[in-house]
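Accompanying notes for the structure given below.
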Amino acid sequence: MEKVFSDEEISGNHHWSVNGMTSLNRSASEWAFNRFIQESSAAADDGESTTACGVSVSSPPNVPVDSEEYRAFLKSKLNLACAAVAMKRGTFIKPQDTSGRSDNGGANESEQASLASSKATPMMSSAITSGSELSGDEEEADGETNMNPTNVKRVKRMLSNRESARRSRRRKQAHLSELETQVSQLRVENSKLMKGLTDVTQTFNDASVENRVLKANIETLRAKVKMAEETVKRLTGFNPMFHNMPQIVSTVSLPSETSNSPDTTSSQVTTPEIISSGNKGKALIGCKMNRTASMRRVESLEHLQKRIRSVGDQ
């Protein structure tokens, strides 16, 4: 509820009389206050129908005679009037009304004065009731209806830019999530490959150690073979490859004797035949001796290998 106060009502000429103030001269602030009240009342008459605000005017007390107290009283009245005008104009004045009133010089002065008073007294802005405030939807609707085509295009362009930026952010987020999953998979594969590499290197190290051990064993076996050969030479005094030669000769001579025994028992064999058979037996023995030389070597080698194996087992 708003009510426009006239200068007579606020100054108190209509409702009360100032005791002993007729003789006082009015200062510049009083004249400015009266001028502001006149301009605000003229602007209120030109505007729309107004409703009374919640400010109730009570019968003012007697105005003090002291000039300083009188100035303080006028200042409080001025603050009340400025608050009422600010509430009215902040609620009902549209941009069209302000553009229409900009042509009037007096209206501009009153608006500037009201703005200055509202800036000087920010505590009066809290007196605006919630019923006088417009909701966000109503303000947006009024803004859309009052916007010109260029503003509409600019708003549409801004909305399209925001939507494209939102889509690009979503695409980037999806791409980053995909890259993170790939990185996690690659890390798992890398860990598996590193584990396999460590296993292979451990196996290689074990194999190399075993190879060195086997080579050392081979060298020791060769040294043992040489020592065994030298020991055999010292004990026998000759090459061990020919120490079984008398046995081989005896085994070779046995078939010749067995082959000659039937010739001696038969009564039909003559002396020249016996001589010729004796010569043939000697030739056979010589051939068998030459043939068995290689056999003796093989047997001696086998015997030596057996002895080396027995020494190695020990």
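Placement of Cβ uses the backbone N, Cα and C atoms for every residue, glycine included.
Checking Ser117, Ser126, Ser294 against Swiss-Prot, you find phosphoserine recorded for Ser294.
The motif 'Nuclear localization signal 1' annotation in Swiss-Prot falls on one of the ranges 67-74, 155-162, 179-186, 243-250, namely 155-162. The stretch that Swiss-Prot tags with motif 'Nuclear localization signal 2', taken from the ranges 15-22, 231-238, 279-286, 295-302, is 295-302. In Swiss-Prot, the feature phosphoserine is assigned, of Ser29, Ser40, Ser118, Ser125, to Ser29; the remaining candidates carry no such note in the record. Remote same-chain partners of the region 'Leucine-zipper' (179-193), defined as residues 6 or more beyond its termini with a Cβ less than 8 Å from a stretch Cβ, are none.
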